[in-house]
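According to Swiss-Prot, the protein carries these features:
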| type | residues | note |
| --- | --- | --- |
| ACT_SITE | His15 | active site, pros-phosphohistidine intermediate |
| DOMAIN | 1-88 | domain 'HPr' |
| MOD_RES | Ser47 | phosphoserine |
Amino acid sequence: MKKIQVVVKDPVGIHARPASIIAGEANKFKSELKLVSPSGVEGNIKSIINLMSLGIKQNDHITIKAEGTDEEEALNAIKAVLEKHQVI
């Protein structure tokens, strides 16, 4: 299992648009991908509803975890998408 920690910079946090983009990217990979909220609640990154239900806000420190055969590639791709869309 691999994980990274990032800080959310988007003024409105993870809302519908970034959740859709993140989930779309995550679904390209076989690995299990989880986002862990500051309170420790885990959500499936491949689910838009799971991502939005975590209530991630600006300046929240979140952890992204990946476990599987393509975990490193998946983490790098998710981080790149978050950076490209200025979520982190």
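Cβ coordinates are placed from backbone N, Cα and C, and glycine is handled just like the others.
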CB contacts for the residue listed as 'phosphoserine' [other CB atoms within 10 A, all chains]: 16
Distance [Cα-Cα, Å, rounded] between His15 (active site, pros-phosphohistidine intermediate) and the residue listed as 'phosphoserine': 13
Ser47 (phosphoserine) - helix vs strand vs coil (DSSP): coil
Helix, strand or coil at the residue listed as 'active site, pros-phosphohistidine intermediate' [DSSP, three-state]: coil
Segment confidence, the domain 'HPr' (1-88), expressed as mean pLDDT: 96
Cβ-Cβ neighbours of His15 (active site, pros-phosphohistidine intermediate) (radius 10 Å): 14
